[in-house]
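Colleague: One structure follows; several queries about it will come next.
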C-alpha cells in the first residue's frame, strides 16, 4: 500500500520512531452475521511526525471512525494501533485515558470548551486534570500564536465561533501532545474564521513541529495539509502529498464517480 | 390534539427523568392521604361515641370557693331534686377519674391511653350500661367494666381488681362486662357499688358527686335541666345528655385532631420540599427542550399551546404520583390505626380521596407553572440556535430584595421575640419570625449560593484541583437550580437544628436546676390528676432509712387580693422540709416565713400583675366555705418546677380546713439518712409495689426519665422531619441526574481530553456534597437563630441555660455530606459510564 514510503520533513525525537501514530490491519465492525457493517476494513496507515495529515472521504467512508480509533476514543474489532510508540488497542481504559490526556490533543467540530471555565482554564484543562503544572512560557507562546492574548479571562460564551475554535486549538497544543486530532475543526465556521484556524494549525506544524491529523470534507481545508489520505468504504483508497484545493477536489470527484460506478 | 400527543410522547420519552418527581409527589400525597384516612376513621369512631352511662341530665354542685375535693350532695339532696324537677328518676352517683385500677398481675389498667373512670353502677337511669357477659354487681365487692377496657387489661370475669382512690383501696371482683352497640366506642369505666365507691373515692358514705336525672315522658332533657337551674336552693350546674355526648365525642376526637394537624403539618412540609423538586425538574426539562419548543413555535404552535402542553405533563405526573400516593396512604392509615389501637376498618371518604388527589395535582401543576410560562416564551428562533436557553435572571435583583427584606423582617421578629418580657407575645413573634425567615431564606438561597458555595468550595474543594474547580463551577452554574435544591434541604435541617437547641436547652436548664436547687433524694408521684392516698402515704412513711418525708398537697384556691380582685390559683401546701427538697429563690422575703403561721408566697409574675408585695394580705378560699387570711411573706422567682406556684405551710391548711376536706398528697419527697440512700430507695420501691401507678424515682432516675421524655418527643419529630429530608435528598439526586443528562457533551469532552472515570465520578460527588453542605449550612444557621430565640423565651419561664447540642449539629453536617455522597451515586455512575463518542456526537 502507501505506508512507509514517505519522505520525512523533520527528524524524529530521540528514541522515537518516525511515526506519531500507526494503524495496522485495523478492522472496525458493528453487529454480526448478516447485519455486520464494516466501518474500517483492514486499514494500514502511518502518520508521520511533524506532518499535517488530512483524512478525507465521502460520508460513511469511515474517516471519522479511523480518527476516533487512532485517537483512542473508540475501540477496534481487530488490528493494532500505536500512538507515540504505545500500542493502544490492548491498553486498559485507565491507561488509555492517561494517554489521551498526556499525549493527544483534540479539536472537535463543535462544543470543544467547557462553558463554566474561562479561556485560560480551558486551555490548561488537560494538565489541570492530570495535576501537572503547565509550562507558563509555552502556554504564553501558544496563546500568542492563536491570538488569544487579552481574552484569557473570557468565558466561551463571550467568544465568537472562530475564537472558540482557536481556544480549542490552543488547548490541544498546550500539553505538547505527540499528536493532535481534529474532527472537522472548521466545519462550523465561516470561510474566514476557518482559514484563520487552519493557518494556526499549519503554523503549529511548521514552527512548533506539531503532528496533526484532521478529518475534513472540505478540499480547501485539506489543502492546508502536507498529505491527504482518502478513505472510501472503510479502506484507504488514495494518498496525496502537497495537495492544493483544486487537485483535492479533482481527486474527490474521481472517487465519487468511481463510488457511483461500482 | 397534536399538542396533547406531543406532551404524552415527551412524558414517555422522559419517564426516567420524571421518576423522582413522581416519587416525591407519591411520598407527600401518601402522607397527606394517610393522615386524612386515619383521622376520618378515628373521627367516625369518635362520632359514634356511645351514650352509655349518660343520664338525661347530670347535676353537680357548682364550686364557688376553692378546694380540691369534689363537692358532694347527700341522699336528701337527690330526693329533693327529684321532687322539685318532677324527674322520672334521680340517682345519686359517684364518678371520678382520680383513681387507679390495679389488675391481679400488678398492671395499671388503662384503655389505650385513655383514663379509666370509676363510677357507680346505675341500671335504672336512661342510657344505663347493659351487662353483656356475666352478671351485674350485687355485693359491695362486685364490679363490672366495659369489654374493651377488660380486653386491653387482660381482665377476665372472676378476676380481682384493686381500686386505689384518694381515700383508700378496695378490692373488687369482676362479675361481668358491659357492652355497647357494634361500631361504638364505649366509655372506659369500671362500675362499682355505691358503698365501695363512696368509701374509696370520697371517704364519706351517703354522699354523691352528682345526680343522674331521668326525664319523665313528655319532658326533654333540656326542659329538665332548665328546672334544675330554676331551683335556687342549691347552686347546681347541669349537663344534658346531648352536651355530655358532645363532650365525649370531642374528647375522643381531640387527640385525633391534634395528631391530624401535626401529621398534616409534616406532610405539608414534605409537599413543599417536593414542590422544589418538581420546579427544578420542569425547569430543566424545558431548558433541554428549548430547540424542540422553538421548532414547534416555528411551525405554528401558539404560546398558549406550548404552556398548556407543559402543564398537561405536570397534571399527568401529579395524577400518577397522587394515585400511587393514595394507595400507599391507605397502607399508612392501617399502620397508624394499628399503632393507636383502633381496630376499625379504614374509612375511605370520597372527599378525602378527592382532596388528596387534588392536593397532589395542584401542587405539581403549580410548581410547573413558572417553567411552563418560560417554555411558552421560547422564541421560534431558539430552534435555530445551538444551545439551550439560559434560565433567565437567576440571581435577579428583585429576588435579592424580596428575600433580603423578608429575612430582615423575620430577623426583626425573632429579635423582638428574644427581647419579649412575656411568653405569649414572644411566642407569636417567634412563630412569625420562624416562618418569615424560612420563606426569606428560601427566596434568598440562589443569591446566597454565589457567595456561600464559593466559601464552601474554598474550604472543601481546594485539594481536588481541577476536578474541584469544575464541581464548584457546576454548582454555581445555575444558582436558581442550586438554590432550590439546597432550599429543599434547608427546610428540614433548620427545623431539626432549632428543635434540638430548644430541647437540649430545656433539658440542660432543668438538670442544672435539679443539681442546684433540689435537696430531695426521692420523688414520689402519682399520675397527673391523681393523689397518694393515706394507705400509700403510710407505706412511704414506713420505709426505714428515711431522714425526712415531705407531704405535699396541691389545692385549687380562690384568692381575693387587697384590691378586691378575685382569682383562682393553685396553692401548694407542704411540710417545711419541702424547702430543702426544692430550693425556691425569692425576689423578696424569706421562704421560711412563708411557711410559717399565716404566711404564704406568691410568684413574681402574679405579684407584679396584682401589685402584691411582702406584707400584702390575701383572702384565700382553701375549701368550700373555708376562707382564711394569709399574708405574703415571700415573692418567688419563676422556676421550671411548680410553675407559677404559691406556697404555704401545711399547718395553715390543716388548722383551718375540716379533716374530711383535706386532700391527699399530690406528691411526696423524701431524703435518706446518710449512707442509707440505696436501702431507702429499694425500701420505697418495695413498699409501693402495690401501687404501680405511683412512681418512685431518685434524682438520677428522675433526670433520666426527664431526658428520655424530651428525647422521645424529639426523636418522633426528627422521624417526621426525616420525611422532608428524604424528599429533599431525592431532590439533590434529581437535580444531579438531570444536569448530568443535560451536560452529557461536557462529560464526553472531559473524557476525551483525559479525565478518568474516577475523576468524573468525583466531580459529580463534589458538586453534590457542596450543594448539600450549602443547604445544611444555611439550615443550621437558621435553626440556631430559631433555637436561641426560643431559648430566650424559655428563659422567661426559668429555663435559663442555653445548650447547643453540637452533636446534633455535627450529625446534621455529616448527614448532609452523606446525603451529598449518596445522592451522587447513581448520577455519578451514569456520567462516568457514558460512552465518549455518543456523548460528543449528541446534538
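Note: Cβ is positioned from N, Cα and C throughout, glycine not excepted.
Please treat TrEMBL annotations as automatic predictions, because they have not gone through curation.
A quick note: this is a predicted structure, and the numbers were derived from the prediction, not measured.
According to TrEMBL:
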type     : residues  : note
DOMAIN   : B:19-230  : domain 'MacB-like periplasmic core'
TRANSMEM : B:261-288 : transmembrane segment
DOMAIN   : B:266-380 : domain 'ABC3 transporter permease C-terminal'
TRANSMEM : B:309-337 : transmembrane segment
TRANSMEM : B:352-372 : transmembrane segment
TRANSMEM : B:400-420 : transmembrane segment
TRANSMEM : B:426-453 : transmembrane segment
DOMAIN   : B:482-677 : domain 'MacB-like periplasmic core'
TRANSMEM : B:716-741 : transmembrane segment
DOMAIN   : B:720-835 : domain 'ABC3 transporter permease C-terminal'
TRANSMEM : B:769-788 : transmembrane segment
TRANSMEM : B:808-826 : transmembrane segment
Colleague: Taking the transmembrane segment (B:769-788) as the first stretch and the transmembrane segment (B:426-453) as the second, find out whether 3 or more Cβ pairs fall under 8 Å, excluding pairs closer than 6 in sequence.
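Modeller: Since 3 or more Cβ pairs under 8 Å link them, the transmembrane segment (B:769-788) and the transmembrane segment (B:426-453) do come into contact.
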Colleague: Let me spell it out: take the transmembrane segment (B:716-741), skip the flanking residues so only those 6+ beyond its ends count, and list any with a Cβ under 8 Å from a Cβ in it.
Modeller: 17, 20-21, 23-24, 27-28, 31, 262-263, 266-267, 269-270, 272-274, 276-277, 280-281, 284-285, 288, 474, 478, 481-482, 484-485, 488-489, 491-493, 495-496, 499, 747, 764, 767-768, 771-772, 775, 819-820, 822-824, 826-828, 830-831
Colleague: Same chain only, please: residues at least 6 beyond the ends of the transmembrane segment (B:808-826) with a C-beta under 8 Å from a C-beta of the stretch. Say none if there are none.
Modeller: 489, 493, 496-497, 500, 504, 725, 728-729, 732-733, 736-737, 761, 764-765, 767-773, 775-777, 779-780, 784
Colleague: Taking only the residues in the domain 'ABC3 transporter permease C-terminal' (B:266-380), give me the average pLDDT of this model.
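Modeller: When the pLDDT values over the domain 'ABC3 transporter permease C-terminal' (B:266-380) are averaged, the result is 85.
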Colleague: With DSSP as the yardstick, break the domain 'ABC3 transporter permease C-terminal' (B:266-380) down into helix, strand and coil residue counts.
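Modeller: Across the domain 'ABC3 transporter permease C-terminal' (B:266-380), the residues distribute as 97 helix, 0 strand, 18 coil.
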Colleague: Taking DSSP states H, G and I as helix and E and B as strand, how many residues of the domain 'ABC3 transporter permease C-terminal' (B:720-835) are helix, strand and coil?
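Modeller: Helix (H, G, I), strand (E, B), coil: 99 helix, 0 strand, 17 coil.
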